Every structure is written in structure tokens, then in C-alpha cells.
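Heads up, here are the entries from TrEMBL:
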type	residues	note
DOMAIN	258-394	domain 'GGDEF'
TRANSMEM	38-61	transmembrane segment
TRANSMEM	70-90	transmembrane segment
TRANSMEM	96-117	transmembrane segment
TRANSMEM	124-141	transmembrane segment
TRANSMEM	147-167	transmembrane segment
TRANSMEM	174-192	transmembrane segment
Amino acid sequence: MAKKRLGAMLAPFSLTFKGEQADWEAPFRRAYFKSTLGQARVAIGFGILYFSLFAILDLLVIPNRLLEAWLCRFGVFLPAGLVVLALSYHKSFMHYFQASLAFLVILGGLGVIYLTTLTTAQDAYLYYAGLILAFMFGYGFARLRFVVATCCGWLLVLAFLVVELGVNHPSLKGLVANQFFFVGANIVGMMICYHQEKAARLAFLLQNQLSDQNALLLSHNENLAKLSNLDGLTKVANRRHFDHFMFQSWRQCQAGHQPIAVIICDIDVFKQYNDHYGHLAGDDCLVKVAKALARTVRRQGSLVARYGGEEFAVVLTGVYMEESMRIAERIRQQVEDLALPHCLSAQGVVTLSLGVAAVIPDNSLSQRELFQCADSALYEAKLAGRNQVKAGKLFTSQVRA
């Protein structure tokens, strides 16, 4: 269903769709998950690898505390990362995608903060840069959404401050300098993440609105195509569509060695009907006759068309002359049964005269000749007293009566 076209309606902080676009939120999250899952897996793998490689730094900085440091790296973060990476291949991972990545960001950041407690005061700064990497991971690489990444970032800043004041006891200038760096890194990360997610949401919205517009345009085009093929008054096929359908059907029947039949129908003494009852009544008569034809001819590969004025044409594929004559007779009877009063007709009601021609197409006969044969049969029906069906005579061995 086409949605109303509006500018993006996003909540200022959470960036979720709101108002009339609130129903876009769930589809966006599904699309965001699908588009970022590959990068998230790379980020998880990179995080596991890089956090493990930093064990080299432990050898240089805290050789006497390796057990605690490596327990943090290989006993906690490594298995947690591998579990999340494995879960990312589960079909329901989308439901805890953001929570799992946030967990790894927080766990990695807390791991770095813990490692600062294992060093001397002089060497603690060597691990501080690791916290900056955790911020970068959360705000960019892992593709966390803005709200989730922001919560992770500021939680780590707060955790670092608590540990510094409660455990590490740094100098005032060291504490202030670190907080400036970490707060600044968070603000920059927030800005990048905010605009990144906003751009993703705008692109998603635009893409879907364009899809809706294209679907609506396609629907309108299909409706216009249908209307262009219909007669404006009777709503059966028009002359142009009849000619196209006849051309296509002729080729198909010729290729498949199948018969094709044409029935030409003409309302008897219609000019007098129009003159006596008026043009509005004449239009109503045409509509009712067209409906009767459409009700009678419903087989696949058939077409009912208004050929011009009070004349209608029917195309039947896969039908030989005998069956075509039966269908034509049913059409004649259906129109007579309408019992539309016509005081100037011999029967006292509106009637049809019909001409029928059928053939298996080959190169010895053209569509025009088939149509002319049916038209000649119609003329014979008129001369014979109207309200009857006549069969056309084709000089070809392929006609079956």
C-alpha cells in the first residue's frame, strides 16, 4: 500500500521514525540489520583479534601480572566475542543484534579499564588509548545505532572515572587530561554516529517512497493501458485493441495449427432505433448488448470488441466453425432475450444479425480475408431478414464446418 509522501519525521535524539512514519521503524531496523550484518561480523572478528594481540603489550608493561591480564583477554573477552560471532549466524540474531554488539563494546572497554589497574601509575597511560579504540569501535566500526552507541560510550567514560578515583588515584592534571580526551572522543563519535544513522534512515525512507511511487505509477500505467484498450461507452475492447488481439491470435494459431474464428455482430435497424428513442436510449442499448456479448463469450483466448457504431466483433481461438456457429447463436438469443423494446423492428425487440467465419491460418489466407468473409456472411443475414446467424464461405481446404 502506498504511504503518504512526507519529509523525514525523526525523533530528535533517538532518530526513530515518528508520527505518520512510525510504521517505517520496524522495516528500517530489518533493513539496517541486513545491510550492516556483514560489517558487524568483520568488526567482531577484528575486535577479537586486536584485543588478543594487545597481549604483547602486557608482556612489556605488566609481565608480573600476566595471569590477570590474559585471563581478562583470553578467558573473558575472547570466548564472549566468539559466542557473539557464532550467534550472528543464527536466524533470530536480528532481535539481539544491537544488544550483543553493545555488550562486546562495553566488555572490551571495561577490560581496558581493568588493565589500567594492573599497571603502575607511571605506565597506566599506555592502556588509555585502548579506550579510544573502544569508542571508535562502538560509534563507527560496529555500526551500533546512535542511542545504543551513545549509552555504551558514556557508560565507559563514567566507569573509567569511577575506577580512576577509586583505584588508580591519578594526579589531578592526568585525570582532567584523560577526561577531556575521552569526553571529546565521545562527542565526536556521537556526531559521526548521529549523522551516519540519520543518513541511513533518510536513504531508506527515500528508497521506499520511490518504490511506492514507482508501484503507484505502474498501477496508473496499467490502468491507463486497460482504459486505452476499452471502448469508452460499452467497456468492451475497442477497435485498436481488437486489431492488435487479432494480429497476435492469428500468428499464434498459425504457429500452432489451431483454428481461429471471427463473429461480426450488428444491431438490426439501429439507426431507426436511435432516431425514434433518442441517442441516450441508443447508448443504453449499446451498453446492454455489449454486456450480453461479454456474458456469453467468456472462454480463454476470446475477445469481444466494439468494432464501430452498432457493430461488434468477436474473436475465438481454438474454435472450429461448428462451435463458432453455436456461440454466435447463443449471442443472438441472449440479445433477443434482453427484450429491449424496438417498435420499428419486425420482432418488436432489439435483435442482432451475425456473420461467422473460421479457418486454420496459413499463408494462403490473410486476416483481412477472414474478416471480410464474416462481414459478407453478416450481409447475407441482413438480406435474409435479420435476427439470424450466417456462416461465411472460405475457398480453402482448412475450413471445418
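Cβ coordinates come from backbone N, Cα and C, glycine included.
Worth saying up front: this structure is predicted, and the values here are computed from it rather than measured.
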Same chain, outside the transmembrane segment (38-61) by at least 6, Cβ under 8 Å from its Cβ: which residues?
69-70, 73-74, 77-78, 81-82, 84-85, 88, 97, 101, 104, 108, 111, 115, 119, 123, 126-127, 130, 133, 137, 141-143
With Cβ-Cβ distances below 8 Å as the criterion, list the same-chain residues six or more beyond the ends of the transmembrane segment (174-192) that contact it, or say none.
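For the transmembrane segment (174-192), the far contacts come to 125, 128, 131-132, 135-136, 138-140, 146, 149-150, 153-154, 156-157, 160-161, 164-165.
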Restricting to the domain 'GGDEF' (258-394), report the mean pLDDT as a whole number.
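A mean pLDDT of 95 is what the predicted model shows over the domain 'GGDEF' (258-394).
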